[in-house]
2 protein chains.
Amino acid sequence: MADIGEFALIARVNAGRTQAAGVLLGPGDDAAIVAAPDGRFMVTTDMLVQDRHFRLDWSGPHDIGRKAIAQNAADVVGMGATPSAFVVSLGCPADTRVDFVSDLADGMWAEIERSGGSIAGGDMVRSPLLVISVTAFGDPRGRSPILRSTARPGDVVAVAGRLGWSAAGLAVLSSGADPTRFADVVAAHRVPRPPYQAVLDLPTDAPITALTDVSDGLLADLGHIAESSGVAIDLDSATLRDPVLDPVATALDADPLDWILAGGEDHAFAATFTDTVDIPAGWVVIGRVVSGAGVTVDGASRSGPSGWESFASGG
Amino acid sequence: MADIGEFALIARVNAGRTQAAGVLLGPGDDAAIVAAPDGRFMVTTDMLVQDRHFRLDWSGPHDIGRKAIAQNAADVVGMGATPSAFVVSLGCPADTRVDFVSDLADGMWAEIERSGGSIAGGDMVRSPLLVISVTAFGDPRGRSPILRSTARPGDVVAVAGRLGWSAAGLAVLSSGADPTRFADVVAAHRVPRPPYQAVLDLPTDAPITALTDVSDGLLADLGHIAESSGVAIDLDSATLRDPVLDPVATALDADPLDWILAGGEDHAFAATFTDTVDIPAGWVVIGRVVSGAGVTVDGASRSGPSGWESFASGG
């Protein structure tokens with residue numbers, strides 16, 4: 001990479017890309033210009049650090065690129081907004097192969113085919129290790145954002161998407177077990193598949209009251225909803241069981257419910273709805289909102305890991 | 001930092017901050033919401049890596065924070081837009097002191113008092129070394145963006161702000177000379193002072209045709225204007241001399257014109273105007289736009305360093 005320089009490399013990874021209609025000016029000037037048709041935009045940002053958020057011996061550059069976009073797109077969708085654009089800063093060692101960077105960019109654009117938007121700009125710098133910082137933008141499409149702080153007692157809690165798959169895949173990779181034996185969950189760890197459409201296809205009159213992306217773990221993220229809404233949430237563990245996880249857990253002598261409740265990075269969506277009758281397609285009811293504080297499972301507090309926190313002693 | 005955890009630390013650095021009026025929802029949910037009153041927003045992003053873009057023995061956290069905001073705000077202003085908001089991702093070692101992070105955040109907010117906007121959200125992760133990724137947003141205020149690609153032969157070239165001061169300060173620090181002897185330029189290296197108002201106060205009918213932030217070095221950034229506009233630029237070196245730099249250059253046996261022409265990170269603004277009579281206050285004419293390609297000084301190509309490029313062999 002040191003051979004060709006930053007500007008040539010940026011030109012290489014941008015070559016042949018088609019910008020989304022909402023990107024009014026793409027890479028090449030001091031700043032990009034993005035449309036915000038309803039006069040507001042959503043913004044979220046995440047930084048991924050080599051050996052902390054991904055390992056190069058477990059994930060290839062294409063998968064890492066997809067994951068970096070997916071986790072940011074999921075945060076935008078977690079507000080009820082449609083991803084409109086991304087900017088990406090990449091720090092990488094001088095001896096990084098140009099092909100590696102191309103594959104990383106290809107992975108990002110592959111996930112963008114699922115999420116919508118395009119990469120409108122970025123930065124590329126030299127760094128002792130790989131660091132990827134993605135910022136994602138969303139268009140609320142004239143709708144009210146769906147916050148975490150608006151769940152109410154009496155609502156039901158529902159999820160769209162997989163829970164615990166990424167944690168199970170990580171456990172397989174960490175255990176040294178043959179990853180091909182449990183290819184589904186290993187693939188889910190390498191590339192999450194946020195069910196964007198389960199949110200974006202919600203009818204405007206859907207009885208949804210609160211929404212979040214499940215990135216830190218179900219208990220942790222529902223804890224954010226409970227705390228910011230001033231409510232308690234109780235989950236029904238029977239609704240959370242996933243037959244895909246059981247053989248993995250048996251092989252690794254683990255409790256699959258730990259993965260489901262505390263595993264992060266699946267980028268499912270968790271929401272509260274006022275009405276069990278009209279739960280939209282793609283959503284599964286897993287609990288209810290009650291008065292009080294905190295998150296319980298089958299009426300009891302759960303001991304053990306509760307989710308991901310970067311600097312916490314367990315994180 | 002590992003003692004208090006990511007969420008507590010984020011709460012600490014956000015405590016007591018006042019969000020800009022255009023930040024409709026600040027930190028705390030999946031994404032922030034920023035106003036885009038004219039239906040578009042500008043966006044730019046930069047990553048700063050420890051020992052590459054700053055050294056902890058040369059700059060304190062407050063200065064590093066100011067610089068990180070300044071270089072992004074300058075890119076937004078370099079499009080003619082007003083900074084409206086920022087998001088910041090921070091990677092730092094687990095043993096980073098909480099005070100260090102607080103000072104870094106305070107420095108960011110101090111620069112925001114100059115630039116406008118507020119920090120609407122971010123991310124905080126563990127990393128073996130300090131990495132700061134800032135994304136800045138701008139409001140075009142209903143005006144057309146001022147691009148790099150729209151300079152025309154016959155225009156004059158003008159700059160607002162200091163040139164070469166940051167490079168001179170870096171040279172002082174690198175030489176081991178007593179930094180207090182040349183405090184002005186050392187301070188300029190630690191904290192650039194982009195003259196935001198020289199752009200933001202331009203009247204709507206100012207005869208400006210192209211604009212850029214000078215971040216890579218004057219020759220490099222004017223080279224971007226020349227290339228994207230399909231023109232050549234010739235500079236008059238007599239207009240570039242700066243008496244502040246002469247004693248520094250004498251002491252270090254350097255050519256101050258190298259700093260002025262090739263030094264980056266001053267975050268001055270360079271623009272082209274159609275009319276020398278109406279050059280606005282705060283701008284100094286330094287050259288002219290002619291037919292052809294490339295950037296010359298006093299009619300000749302300049303050998304030697306031409307600017308900053310991350311991965312180039314000299315960078």
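Just so it is clear, glycine is given a Cβ too, placed from its N, Cα and C backbone atoms.
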Practice problem: Quick one: which of A:T18, A:T44, A:T45 does TrEMBL put in the Mg(2+) 4 site with A:D30, A:D75? | Solution: A:T44
Practice problem: Tell me the Cβ contacts of A:D46 (Mg(2+) 1 binding site) under 8 Å, same chain only and six or more apart in sequence, or just say none. | Solution: A:A68, A:Q71, A:N72, A:D75, A:S133, A:V134
Exercise. With a CB cutoff of 8 A to chain B, go through the binding-site residues A:D30, A:T44, A:D46, A:R148, A:E265 and name the hits, or write none.
Key: A:D30, A:T44, A:D46, A:R148
Practice problem: Measure from the CA atom of A:S215 (ATP binding site) to the CA atom of A:T44 (Mg(2+) 4 binding site) and give the result in Å, rounded to a whole number. | Solution: 13
Self-check item: Close binding-site residues near A:E265 (substrate binding site), where close means Cα within 10 Å, chosen from A:D30, A:G122, A:S215, A:D216
Solution: A:S215, A:D216
Quiz prompt | Among the ATP-binding set A:G122, A:D123, A:R148, A:S215, as the record gives it, the longest Cα-Cα distance in Å | solution = 32
Quiz item: Which residues does A:G122 (ATP binding site) neighbour through Cβ under 8 Å, counting only same-chain ones at least six apart?
Solution: A:I10, A:P27, A:V87, A:V88, A:S89, A:L90
Self-check item: Nonlocal residues around A:D123 (Mg(2+) 1 binding site), in sequence order (Cβ under 8 Å, 6 or more apart)
Solution: A:V88, A:S89, A:L90
